[in-house]
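Enquirer: Before I ask anything, let me first share the structure, which is written out below as structure tokens.
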Amino acid sequence: MPPPIEVGADKMNPFETALQHRLEQQKAAGRYRRRRSQRDAGVHTRINGRDMLTFCSNDYLGLATHPRVVKALCDGARRHGAGGGASHLVNGHQEIHDRLEMRLAQWTGRERALLFGSGYQANLGVISALMSRGGHVVHDRLNHASLLDGTLLSGARLHRFAHGDTSLAEQTLAGLAPESDRLLVSDGVFSMDGDCADVNALARLAERYDTPLMIDDAHGLGVLGQHGAGTLEAQNMPPDRVPILVGTLGKALGTQGAFVTGSHALIESLIQFARPFIYTTSLSPALASATLAALDLVQTEPERRAHLHRLIQRFRQELATLALPGITLMPSETPIQPLLVGSEQAAMALSESLYEDGILCTAIRPPTVPPGQSRLRVTLSAAHTEADLDRLLTALERCCRTVTS
Ligand code: PMP
């Protein structure tokens, strides 16, 4: 790769100088974000020529590199094209998209599904299509950024209640004018804490206040529930009690993209009014083909989920026994197992120390999490072996003692 072109400070124009100044401020605040290039998406990979074991991917079932998913991607590209070539409403929509939408709707027990290019776009699309100025969107405080951004895009008023506190959500709903447009929104599994929303309590509230309920189950689908149908299945929720469900394809399904699922009227409304669906190139048909293969695996190989849940239980038990200094294991039964560290510097030091031991687990810092709650967001995958978990536990023990001593 050619080296990046460095422009000397004396040659910068005012625009570049202003950008550089902002970057320096970000560095000075200790919040500069950096990417690391790894060789591939496997949990055993290489970074800068070194073997690394990763514990921070959302590829919870290890399907991103599964031979059947990869083969379906290649076959799909040969048969249908690498890209859709246009938006879904022009001529980017293919029969393979219909097949995938139908399978996703069946899997989640709903009438229809609609594909989006990403979960971020899906959340922007749903909220901006359903809500407008004068409306109210009521959020759990820890909802994903894309749900907040969707609300901003819609022009509706954003309300946030303390994480998991449905009595505060109720206070907000009770204070809204009965005739106002409203939407109650929550993650199914919270992306940075790993805990699950109490979907039954939210549905009761939504019904009491005649408010549609939207659940973003990006991290629950594929992982939770007997058939992998997510947080709702795990909590025995009939589909009709959650009229709007969002799922992503880039996590447990191992590919890329997202879907919204619900009634025929919901999906037709999104096709008419969701600008992040209308004005963008369709999901790659090759990805649709790969996702169909991934969904087959999710539905026919429950042993992947069983293995993953065994790893989760063992990780929690052993970490509780080790009682490592400087970290608190947060309550979570999902593959997201955050280790609360506190300060940004301590979280970075622990992450760096693990890196030296050949383990990649990135530190999560403000503004992604509140100040003072920096953490290592450990994620487990069905692609990890018991031996991989041993390595993580040994490294964590050594690094926690070194960093806090
Ligand atoms: N919703 C949640 C809860 C997420 O955690 C994420 C991504 N981390 C998204 C939506 C966005 O999904 P995507 O990566 O497909 O844009």
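Note: Cβ is positioned from N, Cα and C throughout, glycine not excepted.
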Enquirer: Among Ser87, Ser191, Ser269, indicate the single residue that TrEMBL lists for the pyridoxal 5'-phosphate site containing Gly119, Tyr120, His219, Thr248.
Expert: Ser191
Enquirer: Among Arg22, Arg33, which residue does TrEMBL annotate as binding substrate together with His144, Thr368?
Expert: Arg33
Enquirer: In Å, rounded, how far does the Cα of His144 (substrate binding site) sit from the Cα of Gly119 (pyridoxal 5'-phosphate binding site)?
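Expert: On Cα coordinates alone, these residues lie 10 Å apart.
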Enquirer: Could you tell me which three-state DSSP class Gly119 (pyridoxal 5'-phosphate binding site) falls into?
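Expert: Looking at the DSSP assignment, Gly119 (pyridoxal 5'-phosphate binding site) belongs to a helix.
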Enquirer: What binding-site residues among Gly119, Tyr120, His144, Ser191, Thr248, Thr368 have a C-beta sitting less than 6 Å from any atom of ligand 1?
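Expert: Going through Gly119, Tyr120, His144, Ser191, Thr248, Thr368 in sequence order, those close to ligand 1 turn out to be Gly119, Tyr120, His144, Ser191, Thr248.
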Enquirer: Based on Cβ atoms within 10 Å, give me the single least packed residue among the binding-site residues Ser191, Thr248.
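Expert: Sparsest of the binding-site residues Ser191, Thr248 by Cβ contacts within 10 Å: Ser191.
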Enquirer: With Cβ-Cβ distance below 8 Å and at least 6 positions apart along the chain, what are the contacts of Gly119 (pyridoxal 5'-phosphate binding site)? List them in sequence order.
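Expert: Within the chain, Gly119 (pyridoxal 5'-phosphate binding site) has Cβ neighbours under 8 Å at His144, Ser146, Asp216, Ala218, Val246, Gly247, Thr248, Gly250, Ala258.
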